[in-house]
Amino acid sequence: MAMGRYRFARALLFFFWYLTCLQPITTLCYSSSAVPFVSRKSTYVVQMAKSDMPKTFSHHLEWYHSLIKSSILLAKPESLSYDRIDQLESSRRMIYSYDTTFHGFAAHLTKEEARRLETCHGVVTVHPERVYQLHTTRSPAFLGLEPLDSRIWSAALTNHDVVVGVLDTGIWPESPSFSDRGMTAVPTRWKGLCESSGHVSSSSSFNSTNCNKKIVGARTFYRGYEAATGIKEEYRSPRDRDGHGTHTAATVAGSPVRDANLLGYARGTARGMAPNARIAVYKVCWAGGCFNSDILAAVDQAVADGVDVLSISLGGGVASYFRDSISIAAFGAMEMGVFVSCSAGNGGPEPVSLTNVSPWITTVGASTMDRDFPASIKLGNGDSLSGVSLYRGRRNLSSERQYPLVYLGGNYSSGGGADPKSLCLEGTLDPHVVAGKIVVCDRGISPRVQKGQVVKDAGGVGMVLTNTAANGEELVADCHFIPAVAVGESKGNAIKRYIRATRNPTVTLSFAGTKLGIRPSPVVAAFSSRGPNFLTLEVLKPDVVAPGVNILAAWTGAAGPTNLPSDARRVGFNVLSGTSMSCPHVSGVAALLKATHPEWSPAAIKSALMTTAYVHDNTHGPLKDAATGEASTPYDHGAGHINPARALDPGLIYDIGAEDYFSFLCSMNLTPAQLQVFSKSSNMSCRNAYRSTPGDLNYPAISAVLQQPDHRQHHSSASSVTVIRRTVTNVGPAAGSTSYHVKVTPFKGVSVMVEPAVLRFTNKNQKLTYKVTFSAKSRQSAPEFGDLVWKDGVHAVRSPIVVTWLSPM
């Protein structure tokens, strides 16, 4: 009787599965062949074609739940009773549903259940959970945003209605950087809210009173993280116990705070790029990382709430556009008019190390400012070497005394790997050897500040932190536990030579506070990730660079400045470095541009930032690369360093709409299923696409890819010509006519012709198109770099040019 009831129930399930998927069971949704029962579950993100919902369902959530339940039931082995199966609830498996920038859901499934879902009608893609990582004040003045009567701040000063959504680790609302003093009422269009943390301890609580007219929204997204890790001990509230999110939010739109400093360093008035903008916080990052199901849910909610700008200082390994959750979510946000900026990553100086490379995302690299925190090292032989430090503690070294200096081990062990002792890894230092001494530690493997803790625990009195070849001469200051100075690779090698050549080496460390006017600056940070964009060579990335080294901004009250568990110090502000810090600079400037030009699209804002960026430093020389000391290239700095005041009035813009981006995807020969990831609108299809190559996307940068002639064939010269078209929109003064004349850098390997050479505009918002023809002269062994500039006597609208040669297939 029981077996008969089971067979009848299974038959009903087959019929239900058929109705759900509207496809033959045996071919698409169910296989009668035996499969092993795998009980281990993971989170999967399922994208749906919402328009394919069967008419038997009244709501898309009903459809999604039915799919989940059916996949669970049909994947169970026959040894389980139907009564037990019947008690399973799809609701406990569904983690999120998405409906604004992305249609679909995230669910906890076995591999077999995921496979069954993937075969169903209406299911576009099924991807396993991915984990992203965080890309972990002087900057307003350095960017020309001070004094307060700066034109860009003045123009946007009365507009308080731009909302920037920050996806990060949360916020510390008590920081004075989030004061709403003088701000007007929250705009009625805003739909966001501030979540209460509920049954958590007071140290992590968060409720609606923590929000104000500055912090207008605060939400948490932890279901994907908890489902993947099983960890449920972190703050289930928007409160930030890490500090990263507080720092980035304050960089975007922090209110002015006088006498801000870190233990006396970088003292001054701290303010965000857009101090009158509002902040909405979406906590998506936890101790175990940032999970894509949570990120998708946060972007979906942020756009529904009504944000104008999204600042996302995180990333993971590069995946195809249609497999990258940030790329997919950002596309949906862009369709809704939301500007999205993301950090480029901290994988430099290695080439092809970028993340977040989709053309509808503004990808931000990192650069230095003209502020530093100098410290000096005086060796026992009288040599003095310069470095940097943010040390300010109780352990003070006498400048009149020389201390024993030790370096344990060489750069490499006999096995060819890094020597743990030279890296000062935990447990590697012998207290009998290092007690009372200053220890030389190489950068790498463990956090810089943790090395100082290891030295302190072993009885050392100080540390010299030396760069290796991976970091070159770039210096990043840290708030160490013990007296410590960081030096570049060459000076580190000099110190090691001195130690090897001296029987009793000694050293003295001293600290000089804060210094402004550093030259040259800006410099592209060595850690800033580099191009080219291997997904699409025709799209230059990064887009721009912005300050990302030694940035002072607000900090959490739940962690010390080093973020180590042993650090009991508490500070109101902290100094951090990374493209995580450069991204919110661009997000804030984008908010200013949005306040001043509310009619501008996300692409127009990006264009203004790129075409007005500069490529020289404060010595009037070309921007340099901290990793090499040589001139940087567009693969390092993109279009250049942002210039907010000039971006306010760019003259011309390169505008791009959602259909243009979709045409770009069509030109990349994606399959219909892959394209469907981005085509929520029924009118988006490749039938409407007219572009033949990815290079014809109306991007503010030009990357020409030429085929190397195949000398094995007699008629191969045609492949050595590339034609690129661009359309510009006049956003200059409305009155009178304006003429722009073109100037192009000469190249060794190609001749470049621009037609027409003069663009004559008679109206504001008028669009004109020009054509650039690249004709090969002689193949070059490396890419060539230059620029194309349109000038009208007031504006200089600059686009970087990259010419790349590909070998014949």
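Glycine residues also receive a Cβ, built from the backbone N, Cα and C atoms like all the rest.
Predicted automatically and left uncurated, TrEMBL annotations should be read as such.
Here TrEMBL flags Asp168 (among others) as active site, charge relay system. Residues within less than 8 Å, Cβ to Cβ, of Asp168 (active site, charge relay system) and separated from it by at least 6 positions along the same chain comprise Leu134, Asp240, His244, Gly245, Thr248, Ala249, Val281, Tyr282, Lys283, Val284, Cys285, Ser311, Ser313, Leu314.
In the three-state DSSP scheme, His244 (active site, charge relay system) falls into the helix class. Counting every protein chain shown, 26 other Cβ atoms lie within 10 Å of the Cβ of His244 (active site, charge relay system). Residues or ranges marked as active site, charge relay system by TrEMBL: His244 (among others).
Other Cβ atoms within 10 Å of the Cβ of Ser580 (active site, charge relay system) number 30 in total over all chains. If you look up TrEMBL, you'll see Ser580 (among others) marked as active site, charge relay system.
For 43-135, the entry in TrEMBL reads domain 'Inhibitor I9'.
Positions annotated as domain 'Peptidase S8/S53' by TrEMBL: 160-621.
If you look up TrEMBL, you'll see 403-495 marked as domain 'PA'.
Per TrEMBL, the feature domain 'Subtilisin-like protease fibronectin type-III' maps to 696-803.
TrEMBL lists 1-27 with the feature signal peptide.
In the three-state DSSP reading, Ser580 (active site, charge relay system) counts as helix. Helix, strand and coil content of the domain 'PA' (403-495), in residues and according to DSSP, is 21 helix, 22 strand, 50 coil.
Secondary structure of the domain 'Subtilisin-like protease fibronectin type-III' (696-803), assigned with DSSP and counted as helix (H, G, I), strand (E, B) and coil, comes to 5 helix, 59 strand, 44 coil.
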